[in-house]
Amino acid sequence: MSVARTGKVVQVVGPVVDVRFEGELPNILNALHMVRNGERLVLEVATHMGEGTVRAIAMDSTDGVVRGMEVTDTGDTIRVPVGRQTLGRILNVVGEPQDEKGPVETTETLPIHRPAPAFAQQATSAEILETGIKVIDLLAPYAKGGKVGLFGGAGVGKTVLIMELINNVAQEHGGYSVFAGVGERTREGNDLYHEMAESGVIDPNSWENSKAALIYGQMNEPPGARARVALTGLTVAEYFRDLGGQDVLFFVDNIFRFTQAGAEVSALLGRIPSAVGYQPTLGTDMGALQERITTTKTGSITSVQAVYVPADDLTDPAPATTFSHLDATTVLNRAISEMGIYPAVDPLDSTSRVLDPKVVGEEHYHTAREVQRILQTYKSLQDIIAILGMDELSEEDKLVVNRARKIQRFLSQPFHVAEVFTGTKGVYVPVKKTVQGFKELCEGKYDNVPEAAFYMVSDIDAALAKAEKLKAAS
């Protein structure tokens, strides 16, 4: 560490602060500290302007910052507290606690800008992470140590799905999770914290009993914080993987806001924008984050990233850049949510590289493909049904349509985290039961069971029990 250098603020434009240093300049990405209204403010060096001046991005509001204020170069990048003591806590982009429970009791810190693991350290494995959510486990299973994208427009259920995954993994697998809230609603962050406390995922009074750490940089934060908070969360997750030998779950809600914040910072720094106004370094920024999320010989990070799709356009540069890094995609479709089927996962658009007979087994693979074939046939028949009606279909097509409608309803299930809203108890469905239920459904074993019996149930036994109830009620 070099001797602390001090400089003076010469210009403040919103979150951008220009600082003049006498002599040697701080390195790009170095953290600068200053005191504003009695509180520490962290800046990150972005550009060397020449004539002894650097341009830095503030990680918090610059209210109260005036010309002539003293700024100190830390000689290092932003460092954040890591370790088990971060579990059950809410931290901000620079690792300061936001939950009014005092400082994080750890002496260990790591820099948020770190190189990705070398090839020699990486490990490849093809193992499924069971989520207990039927549509995901059957049609687009998640790989342990893989990257998953949740794609969807506004209000189709990305955050609810993430909350259910955190809940299921904590309850069934007992692993640690790190949640990075990047530029999303403060209310949702608050709800998530209280729901985690209620479900036992975190204990607000004890890190020993907590299974998740929360790192927040919400919508109201300046762009510098939103552009870096995903890296802070990833650094906390990397500690558990590299030094704790853990299989960690890393949730990002929302990776689009990371790109959006990068575009804002880029514009503030005066860089020429590329397509649709995004930063020219879009691919580089995304790669720097995604390449660090990987499986090593000591542990793994399985990442689930919600991806907001602007105007439901999957060809927008932000979601399109994210696509290339993913092992599985879970696409949420507004048309499915409008039918009242939740989770609103599109069974034909969602993909996974581990849906392979070598990984999931022949029975699972063939059942999944048969389910997709039936749904695809139904989709291609919908125009005929809309114009001519069901009566014009052949007997074989009528059978396919009836099975497809049952499959659509059977792909829905009640969530634990939505119990408060729905009044229906949430369910966790093991993969074996999911595959068995859909296999028998495709074979025509339940052609005489009404389709209403398959809506919002766990497995095939629950569907048959519901059918008996419906029969008795009529």
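Even glycines carry a Cβ here, placed using N, Cα and C.
Features of the protein shown, as given by Swiss-Prot:
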- G152, G153, A154, G155, V156, G157, K158, T159: ATP binding site (BINDING)
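Within its own chain, G152 (ATP binding site) has K158, A306, V307, Y308, V309, V331, L332, N333, R334, A344 as residues 6 or more apart in sequence whose C-beta sits under 8 angstroms from its own. Each of the binding-site residues G153, G157 was scored by the number of other CB atoms within 10 A of its CB, and the lowest score belongs to G153. Look at G152 (ATP binding site): DSSP puts it in a strand. Counted over every protein chain shown, other Cβ atoms within 10 Å are most numerous around V156 among the binding-site residues A154, V156. Fewest Cβ neighbours within 10 Å among the binding-site residues G155, K158, T159: that distinction goes to G155.
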